[in-house]
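What Swiss-Prot annotates here:
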BINDING   Gly12, Gly13, Gly14, Leu15, Ala16, Gly17  FAD binding site
Amino acid sequence: MTKTLPPVTVIGGGLAGTEAAWQIAQAGVPVTLYEMRPVQKSPAHHTADLAELVCSNSFGAASSDRAAGLLHEELRRLQSVIISTADQHRVPAGGALAVDRGVFSQDLTQKLAEHPLVTFRREPLDQIPSEGITVLATGPLTTAALATELQQFTGLEYMSFFDAASPIIVGESINQDIAFLASRYDKGEAAYLNCPMDPAQYQAFRAALCEAEQAELKDFELETAKFFEGCLPIEELARRGEDTMRFGPLKPVGLFDARLGDFRAPENKGKRPYAVVQLRQEDKQGQLWNMVGFQTNLRWGEQKRVFRMIPGLENAEFVRMGVMHRNTFLNSPELLEATLQFKKRPTLLAAGQLIGTEGYTAAAAGGWLAGTNAARLAQGLTPLTLPETTMMGALFEFIHSASPKHFQPMPPNFGIIPPLAERVRSKKERYGVYRDRSLTDLEQWREESCRPAALV
């Protein structure tokens, strides 16, 4: 049967593309994997190996009661080639899953090259194939030619080329004795949490922003950043003048804590905030909140230090830090199903950072699902979605159902998982219950989904 099936095409040999190609081949479906290196070089890569780790050698926390660790364990149970190879080449790193990155990538390259159903093409592919089943896994440094092709396919407004994202905070870590729920001038639904500042708090915050240490943009990001004047980092606004932030994202006009009375009453004039940091709901459950207008290029440690100076955010737990860097990604809620198929063309799938997930393990998870579903499409089977109670299922449901207007790339985190039926106060215990529920539901799903066994 395998000889009669046309090959699936996978474009991109990073973590997502490598995982996708492996899952397709392991399901007994031939696959052609395109990787442009070394014929065409990338500004971030140093080798021609598959799944090269271009930043850290760490896949994040290893413990399964942490978000990254739970995703590792889910992928282990789903026979991910990325995670099994990472386990094989693990190096000491405290509580993290870290690898010998050179040996890790070389081993994966060899595994794919030796698989009888994988055809490895080292050449750029600058057009999306018009026929057949294809997985796009070209990553944040997608070539200009293929990016243009994607723009034509998706529409210009549905692609981003520079990621300027604000931090995202766990809702329960926000002090709501200080933060208040309101919309400006009480218009519409009270959709924002607001953190008020008095003059002294504002001046101290501005001074800390101006002095905080910034991350360095890489050489290949500098040119893109020049065109980003319309979305300036918060620290640049702070440097431009004492009141620049107060007339921008920290504008206090029309925002008042109703618990203090009627904001229109003359006796309450002195209670009106001098500046306000707004937080916008990021997910359906209201467990995650985005700091509006706080795109930043500060180092992550500095972000935590400075942003915790904001009243109400003293104990803020960040699930994503603010970033400003080169990152080609799709507006996935507008374009993709939770199966990672394009809505307008179900035989085209996408995975990795291109779909708006963050991190090595999330890229592998996207490759697993896109590859599995590409193989199922080739075999005439219905594509799968994972339970939302799993980290994988929650992540892909988020990128499918988040607000298209405010979509930002998202890393694995417990804030996107549906809440428990009964509240568990201890965070450590709660994350352990999330883990137990996830792995139980994953095992049941595996039994019921009847995923076809490998044919090779």
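Just so you know, glycine gets a Cβ as well, placed from its N, Cα and C.
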Need the DSSP three-state call for Leu15 (FAD binding site) to compare against my parser. helix
Validating a neighbour-count step here. Other CB atoms within 10 A of the CB of Gly14 (FAD binding site): how many? 29
Hey, for the FAD site built from Gly12, Gly13, Gly14, Leu15, Ala16, Gly17, who else sits with CB inside 8 A of the CB center? Val10, Thr18, Glu19, Ala20, Glu35, Leu50, Ala51, Ala137, Thr138, Gly139, Ala351, Gly352, Ala363, Gly367
For the binding-site residues listed here (Leu15, Ala16), tell me which residue's CB has the most neighbouring CB atoms inside 10 Å. Ala16
